[in-house]
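Noted in TrEMBL for the protein shown:
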- B:Thr150: active site, nucleophile (ACT_SITE)
- B:Arg178, B:Val179, B:Gly180, B:Asp181, B:Thr201, B:Gly202, B:Leu203, B:Gly204: substrate binding site (BINDING)
Protein chains: 2
Amino acid sequence: MWGTIATWRMAHDGVIAAKDILAGNGDCKDAVETAIRKVEDYPYYKSVGFGGLPNERGIVELDAAFMDGDTFQIGAVAGITDIANPIAVARKLSLDTFNSFRVGQGATEYAVLEGFERKNMLTPRAKKIWEKRLAEIADKKLNPYDGHDTVCAVALDQKQSMAVGTSSSGLFMKKSGRVGDSPLSGSGFYADSAIGGAAATGLGEDLMKGCLSYEIVRLMGDGHTPQAACDRAVYGFDQQLRNRLGKAGAFSLIAMNNQGAWGVATNVEFTFSVATERQAPSIFMATPGPNQTTVIEPITQEWLDA
Amino acid sequence: MWGTIATWRMAHDGVIAAKDILAGNGDCKDAVETAIRKVEDYPYYKSVGFGGLPNERGIVELDAAFMDGDTFQIGAVAGITDIANPIAVARKLSLDTFNSFRVGQGATEYAVLEGFERKNMLTPRAKKIWEKRLAEIADKKLNPYDGHDTVCAVALDQKQSMAVGTSSSGLFMKKSGRVGDSPLSGSGFYADSAIGGAAATGLGEDLMKGCLSYEIVRLMGDGHTPQAACDRAVYGFDQQLRNRLGKAGAFSLIAMNNQGAWGVATNVEFTFSVATERQAPSIFMATPGPNQTTVIEPITQEWLDA
């Protein structure tokens, strides 16, 4: 059995590429990196990699992480700049015993020294959106924060190894050096090849309050299906946050176990893409259902056209 | 009931100061900040705050985090420089809905704009140790990494609120921008006033593989005593790491539940300090015992003298 699941419709082409690797008996780590690179490289996705929206100063600061579910090895970067593929940097860092999570200038320097491709990640389109928003904020005092669609991919290969990766430009108009959940183990991602993997997209500041990726993997390890684990962790914590803090930001989680079964849960409208040995690559839409369940439907041609 | 527990003997004076706050019906958040500030301010502790050992370039980069167990609010900084009390910055950030985790230059700028005390955190003593190590490395090609004693404090106040904080200068001779577990929710710390709190010290790269602070709080929520939760999480994960990765770095965890009961577990020799309504402030030594247990003994005058 093999399979992969990834966040948001933007990941669909990456899922198709990952599927080819996995179906050909390739490695789950290559599948994860390939899926995420596709999203990083595409200039019209505004929350990941090239074309991602910048921080309040117009600088595109990127976060990414990679985890090997066989060994628990983790690599991560936060606030990296001018590097084409943060996911590849995170993957390489995961092989280091020390210094495997690097932030800011130190992360960028590591990537440069290791020969990763440099690139001005601010596209003219992203710059225009940023300038427009600056003007809106000045005029109407709008809340400057908006958009936090991380790409995450979980993959299972035919050797029953699992890996997970994340990549994000973070909150649009974030403060310099702001970090969300994407590079944070347990909050943004977690994988254990003996159980399964999970990853998150949404408001990082709230996701790190709940360690939901770790919790979902743990629940799967306790015998829950991926769907039951997602429902229990996501809706349970959403309720906890509303009770304790009075509010909960948007968040959506994906999971796959080491049998290729998958699940998602979300407190908003959330699209994702999935492919397994039993299921052709497909995009679905998830929304919160009644009684802490999730409604999952194939997306329609109508939705895609709009 | 009130209580506080903190990592390493260096935290003892801080625990005594926190005890005065808690016994006087003060707030657990003030207790945590006070305990950790004491360690940050003391020039002869080589792994925290002022006097902490620098990175490979001689720059003291500091990590810290703060979590309110009532609301799950978290603030954190990583790679902050020239700021006297990173724990105070983390605490203030925990009040922000967005941008509550800041790294590198962005973290330092936030602290400066908010008026936190600036300070050259490199003491002449720390600089000498760094220069000596550089020479040793050049001469004998020693492993440059050594030392990662984070100060962590968990506190319970008489209103049954809990908080946790961490502060560290990270690995001595770390690469620029390296981040350990200390600012990472779930790995370095976690608190839920309905259950308890936990925090970690040790090799951050391994601690973030296990999310042990979250797991210990979760186990306490399942009905385990703090000691049983620590033993189970720490020795279980130490074994997992040895099986999967072939090795496990040093790590030690502390925990307290919302009744003031406490526990610790460690895979090395580990000192800590604790004070509760029932227990006068005391320093203990913990070592791994047989069958996934922990041996805890009061430290002797002989040990203190040496």
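Just so it is clear, glycine is given a Cβ too, placed from its N, Cα and C backbone atoms.
Shown here: features listed in TrEMBL, placed on the structure.
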{"residue": "B:Thr150", "record": "active site, nucleophile", "DSSP class": "coil"}
{"residue": "B:Arg178", "record": "substrate binding site", "DSSP class": "strand"}
{"residue": "B:Thr201", "record": "substrate binding site", "DSSP class": "strand"}
Hey, which of the binding-site residues B:Arg178, B:Gly202, B:Leu203 is the loneliest by Cβ count within 10 Å?
B:Leu203
Applying an 8 Å Cβ threshold (strictly under) against chain A, tell me which of the binding-site residues B:Arg178, B:Val179, B:Thr201, B:Gly202 fall inside, in sequence order.
B:Arg178, B:Val179
Cβ atoms near the residue listed as 'active site, nucleophile' (within 10 Å, other residues, all chains):
30
Give me the Cα-Cα distance between B:Gly204 (substrate binding site) and B:Thr150 (active site, nucleophile), rounded to a whole Å.
10
Determine the Cβ neighbour count for B:Asp181 (substrate binding site): the number of other Cβ atoms within 10 Å of its Cβ.
35
